[in-house]
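The N-acetylalanine annotation in Swiss-Prot covers Ala2, and the record cites similarity to another entry as its basis. Swiss-Prot lists His15, His17, His214, Asp295 with the feature Zn(2+) binding site. For His17, Asp19, Gly184, Asp296, the entry in Swiss-Prot reads substrate binding site, with the evidence type experimental evidence. The annotation N6-acetyllysine is assigned in Swiss-Prot to Lys54, Lys232 on the grounds of similarity to another entry. The feature active site, proton donor is assigned by Swiss-Prot to Glu217. Swiss-Prot lists His238 with the feature site 'Important for catalytic activity', giving similarity to another entry as the kind of evidence.
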Amino acid sequence: MAQTPAFNKPKVELHVHLDGAIKPETILYYGRKRGIALPADTPEELQNIIGMDKPLSLPEFLAKFDYYMPAIAGCREAVKRIAYEFVEMKAKDGVVYVEVRYSPHLLANSKVEPIPWNQAEGDLTPDEVVSLVNQGLQEGERDFGVKVRSILCCMRHQPSWSSEVVELCKKYREQTVVAIDLAGDETIEGSSLFPGHVKAYAEAVKSGVHRTVHAGEVGSANVVKEAVDTLKTERLGHGYHTLEDATLYNRLRQENMHFEVCPWSSYLTGAWKPDTEHPVVRFKNDQVNYSLNTDDPLIFKSTLDTDYQMTKNEMGFTEEEFKRLNINAAKSSFLPEDEKKELLDLLYKAYGMPSPASAEQCL
């Protein structure tokens, strides 16, 4: 029997990776079609090999992508299809608005140096990847009734890609793209300050491109500080280690910084140690501005309900808190103000709450 959802009302998700949210069936289909060897023959076997049941180190987690990304990257049909199927997945999660992120370069096999996943050079450029993802998302939006926007990721270990990422954000800003992100291994010393990333984020500020950064997931509070002060981020991906620096934490609370929290992910990646209080409990108790997100549901064998069940059953989260955090997620989304107001009105109505005059103030 299916589990009753922990929060059976419309939800907003702001932190989920497209390449970590692919159906195993789709991976197998393109592996076979393209003659690319995969470590399993059935969706169930593949899910178990790619998926995680217990915490792994960051390198072990990242190695999961090596199993299946060669089946998808460099293939136009596959790139568009995973975007379309992503929207279907989110409709099943009860999500009404989602921002999905990905690195265009990691799905390309042309005009990208180095070519990822040991692919031979082909003719799918990062620019065309964005166009294909946009098409898939827009078709999914139409068919499944979920509003979707996208975020393009710079990669910490590849600062040479970042200038193109911000230019693609500008080029496709009218077609789903709303922001830039910095993802990858934040333990790479000084990677927030690599000139390629700093210049791209400065250009984003100048051009009015919204900004988020993975920081303080496994990295220190100092990485968070760099994201806020140097990269001028508007939101933090994870941000858990902010709590190590009380001055920084209090400042970010006052500035109403939004934390994109991924509870189940944080357990499986070792970002959170289960014998300690989860940072999201502190965020809840302090009434901080945060959201709940899946991060990489394919690898974590999860749905958005997994994160809601975890916080409800193990951390005492209430329906009122779930409403509050989703309203804050909507307010912290990268939608233009008129669309943000529409989203908020939808949530207030669904939650049986009066709609305040202004959507500016977070709860």
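Cβ coordinates come from backbone N, Cα and C, glycine included.
Taking the Cβ of His17 (Zn(2+) binding site) as centre and 10 Å as the limit, one finds 25 other Cβ atoms among all the protein chains shown.
Taking the recorded positions His15, Lys232 in turn, the residue surrounded by the fewest other Cβ atoms inside 10 Å of its Cβ turns out to be Lys232.
When secondary structure is read from DSSP and collapsed to three states, His15 (Zn(2+) binding site) falls in the strand class.
Asp19 (substrate binding site) sits 10 Å from Asp295 (Zn(2+) binding site), taking the Cα positions as reference. Nearest neighbour of Lys232 (N6-acetyllysine) by Cα distance, taken over the recorded positions His17, Gly184, His214, Glu217, Asp296: His214. Annotation: His17 are the recorded positions among His17, Lys54, Glu217 whose CA atoms are within 10 angstroms of the CA of Asp296 (substrate binding site). You'll find the Cα of Asp295 (Zn(2+) binding site) roughly 10 Å from the Cα of His238 (site 'Important for catalytic activity'). Taking Cβ-Cβ distances under 8 Å and a sequence separation of 6 or more, the neighbours of the residue listed as 'active site, proton donor' in its chain are Glu186, Gly237, His238, Gly239, Tyr240, His241, Ser266, Thr269, Ala271.
Note: the Cα of His214 (Zn(2+) binding site) and the Cα of Gly184 (substrate binding site) are spaced 8 Å from each other.
Ranked by CA distance from Gly184 (substrate binding site), the recorded positions His15, His17, Lys54 have His17 at the top as the closest. A distance of 20 Å separates the Cα atom of His17 (Zn(2+) binding site) from that of Lys54 (N6-acetyllysine). For the recorded Zn(2+) site, residues His15, His17, His214, Asp295 set the reference point as the centre of their Cβ atoms, and the other residues of that chain within 8 Å of it by Cβ are Val16, Gly20, Arg101, Ala183, Gly237, His238, Glu260, Cys262, Ser265, Asn293, Asp296.
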